[in-house]
Amino acid sequence: MADFHGVTVYKRSSGAPGWSLQSTPVLSVSSVPYKAKDTTKIKMAFAGVLNDADITKALDECKGADSFDYKKFFKTCGLSGKSDDGVKKAFAIIDQDKSGFIEEDELKLFLQNFSGGARALTDAETKAFLKAGDSDGDGKIGADEFAALVKA
């Protein structure tokens, strides 16, 4: 991949009045390392909350596009049978930006919270999931809404 060598900018020249064009180095693309999600940290995040085998089974059941069913997923992975505290821990893991809500963009990547290699939800799945969980109509799912969705 080619590097960006510079960008032309208007810059005040030293010692000369006015502005002149100068090429200024900005960024070398190769100097910005790509870092993939650490699936070990994801598995560790759910350690003590959910069983790895149950998570794998739940993810296998919804590998195909438009095959995600949140009720079935929560039951298969074991989350629907967890205590309120266990559900709160899961919510905190899924709420990636720690806003206290799970927004649409976080729902789209919902399965990847359980395994870094999992697929993203389709737009239709994401919208259906949001609609099912957003009981107050604010466009996001809060902790209480998530708990109600998990236990439904």
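Even glycines carry a Cβ here, placed using N, Cα and C.
What TrEMBL says about this protein:
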DOMAIN    82-117  domain 'EF-hand'
DOMAIN    121-152  domain 'EF-hand'
Legend entry - DSSP residue counts for the domain 'EF-hand' (82-117), split into helix, strand and coil: 20 helix, 2 strand, 14 coil
Inset, instruction - Give, as a single whole number between 0 and 100, the mean pLDDT over the domain 'EF-hand' (121-152). - result: 96
